[in-house]
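Copied over from Swiss-Prot:
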ACT_SITE  His147  active site, proton donor/acceptor
ACT_SITE  Lys151  active site, proton donor
BINDING   Gly7, Ala8, Ser9, Gly10, Arg11, Ile12, Gly91, Thr92, Thr93, Ala115, His116, Asn117, Met118  NAD(+) binding site
BINDING   Arg35  NADP(+) binding site
BINDING   His148, Gly157, Thr158  (S)-2,3,4,5-tetrahydrodipicolinate binding site
Amino acid sequence: MKIGVYGASGRIGKLLLEELKGGYKGLELSSVFVRQKCETDFSSFSHAPLVTNDLKAFVRACECVIDFSLPKGVDNLLEALLECPKILVSGTTGLEKETLEKMQQLALKAPLLHAHNMSLGIMMLNQLAFLASLKLKDADIEIVETHHNLKKDAPSGTALSLYETCAKARGYDEKNALTTHREGLRSKESIGIAALRGGDVAGKHTIGFYLEGEYIELSHTATNRSIFAKGALEVALWLKDKAAKKYEINEMFG
């Protein structure tokens, strides 16, 4: 399958290019979208990709787009994909409501998956969090996430995704149960998220389930950002023969 990388100059974008250099599990890098000059030397790649700032040409040259860019960039990408539908794997966070609506429109034409975190470990953490939230009905739930000091959004998209998982399991009102700034007494039907920023931490997420006399913590730590690139490529492979629809990352576990 031919892969197009959108957001190739970013941290994860560069890792995607590195993973695709020798052809990841039969995937071929066919196109790279860049706004300015691309620093990557493609002479060592098994196939020389199209490197372009022409969005329509970029989309035409691939069968699947993997996106790790910025919210505005995703909006532009979706406009092009609505004209020329291709499989989409998107890991960009902080998307506006209008952009998410365009994603739903594309899902009528092509398979797509949008996730805040592409690591297999986070996929499993989500499933464990759902089970713990469901079974430990009297436990207070708190989420702590830690990232590098250059991360722009807080709380992280992954932390919000974990919150949604826990709130859904409990039957909480997802719009009102979230607390990111705590003052005074804790309300029973609330889930808190604390965001820490410092150093070069790739990502750590911990969910605590606090009971009387004991507590359980479920934690995931990313020690290498390559897991996000590999995870996105695995998602692309999984979507290859799927019908047009917006898929959830937990569906990969069957």
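We number each residue from 1, going along the chain as drawn.
Cβ atoms are placed via backbone N, Cα and C, with glycine included.
Structure with Swiss-Prot features highlighted.
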residue	record	Cβ neighbours (10 Å)
Ser9	NAD(+) binding site	18
Arg11	NAD(+) binding site	15
Arg35	NADP(+) binding site	10
Gly91	NAD(+) binding site	25
His116	NAD(+) binding site	21
Met118	NAD(+) binding site	25
His148	(S)-2,3,4,5-tetrahydrodipicolinate binding site	14
Lys151	active site, proton donor	15
Gly157	(S)-2,3,4,5-tetrahydrodipicolinate binding site	18
Thr158	(S)-2,3,4,5-tetrahydrodipicolinate binding site	24
Original post:
Are there residues of the same chain, six or more positions away from Thr93 (NAD(+) binding site), whose CB falls under 8 angstroms from its CB, and which are they?
Top reply: His116, Asp153, Ser156, Gly157
Subject >> C-alpha spacing of His148 ((S)-2,3,4,5-tetrahydrodipicolinate binding site) relative to Met118 (NAD(+) binding site), in angstrom >> reply: 18
Original post:
Cα distance, Ser9 (NAD(+) binding site) to the residue listed as 'active site, proton donor/acceptor', nearest Å?
Top reply: 20
Original post:
How far is it from Thr158 ((S)-2,3,4,5-tetrahydrodipicolinate binding site) to Arg35 (NADP(+) binding site), counting Cα to Cα, in Å?
Top reply: 27
Subject >> Arg35 (NADP(+) binding site) and the residue listed as 'active site, proton donor', Cα-Cα, nearest whole angstrom >> reply: 21
**OP:** State the count of C-beta atoms found within 10 angstroms of the C-beta of His147 (active site, proton donor/acceptor), not counting that atom itself.
**Re:** 25
Original post:
Using Cα coordinates, what distance in whole Å links Gly91 (NAD(+) binding site) and His148 ((S)-2,3,4,5-tetrahydrodipicolinate binding site)?
Top reply: 17
